[in-house]
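See below for the structure under consideration.
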Amino acid sequence: MDGQLDFRAGLKDVVPTLFGYIGVGLAFGIVAHTSHLSVWLVLLMSLLVYAGSAQFVITSMLLVGSPIGAIVTSTILINARMSLMSMTVAPYLKQESFGQNILIGSLLTDETFALSMNKLNQTGHKLKPAWFHSANVCAYLVWAISTVIGALLGSLIPDAKAFGLDFAVVAMFIGLLYLQMITDRSKPLLRHLTVAGFVALLMIVLMRFMPGSTAILVATILGCLFGMAVERR
Amino acid sequence: MNHVFLTILLCGLATWLIRVVPFALVKAAKLPQWLLQFLSFVPVAILAAIFVESLLVYHAGQWPSVNVGNLLASLPAILAAIISRSLLIVVVVGIASMAVIRLLGWA
């Protein structure tokens, strides 16, 4: 990753995250297929909802016949953390048009958010729509295509797990977290480590009481407040 | 089938609003300094939370258990991150480590 913010740089920067989209996308397609969702509905969900863990939950709740209200509520809880990411990245795009902001926000994911935060540290805290669109759209298409292939081929695909492909997404977050801590010089490394350690402990405690997706949201908010308290001291 | 279609439509709309409303808010108003300071911690906090979540397995009403496979495969991936500082290398090392761990029957 370098300081370039054009269309090509966006494509280049997003490549490492694509393994994660492919691994999870294939897995989702296969699960959706075995849950009797048609290929068209898989494509529709990937294009409209475009959120990994939420799509798994929606599919399993549809399978057991949950009411629409319950499914939408779960989706909101799982995806609520996205608003924190949008809120974090939006100030860097404030000078861009309203339309550009909405377009970028519509396709923002955990991965492209983290990439953009890494990118900020290389560009003197600047982001450009061209870079964001190419990373976002590339991720969006790869996700949609992977889920459709998973749904089409279903049981024909050998278990992606045997090849370790399911771990791609975890490895990617490890890389993004580490790079963020060492390249974001606006805070000392020790403070990044303290916040990350605090969040890790919180996650263990919170997951005693709530599922992981909710714990991520609560731990992030408490982690940020903790960081503020440490910084003010 | 209409029921499924409507569910997907509403979930899509809800997720889209969650994604774009903050952009509209930030565009319309100036964020106060305390909020900007709060948000400056979001990247590391949220990535740490997502990572640790993948190391744990949730059981309703009990303490989470450890996802042994993910924990073991994380160690070479972390090492690769420190040595290479390259996202691509971290991902490839992670995938290969997990494949080996499964081959050895450790997870």
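Placement of Cβ uses the backbone N, Cα and C atoms for every residue, glycine included.
The feature transmembrane segment is assigned by TrEMBL to A:20-44, A:56-78, A:137-157, A:163-182, A:189-207, A:213-230.
Beyond its flanks by at least six residues, the transmembrane segment (A:20-44) meets 52, 55-56, 59-60, 62-63, 111, 139, 142-155, 157, 160, 165-169, 171-172 of its own chain at Cβ-Cβ distances under 8 Å. Within the chain carrying the transmembrane segment (A:163-182), a Cβ under 8 angstroms from the stretch's Cβ atoms is held by residues 1, 16-17, 19-20, 22-24, 26-27, 52, 110-111, 114-115, 117-118, 121, 189, 192-193, 196, all 6 or more beyond its ends.
Long-range contacts of the transmembrane segment (A:56-78) within the same chain, counting only residues at least 6 positions beyond its ends with a Cβ under 8 Å from a Cβ of the stretch, are 28, 31-32, 35-37, 45, 49, 213-214, 217.
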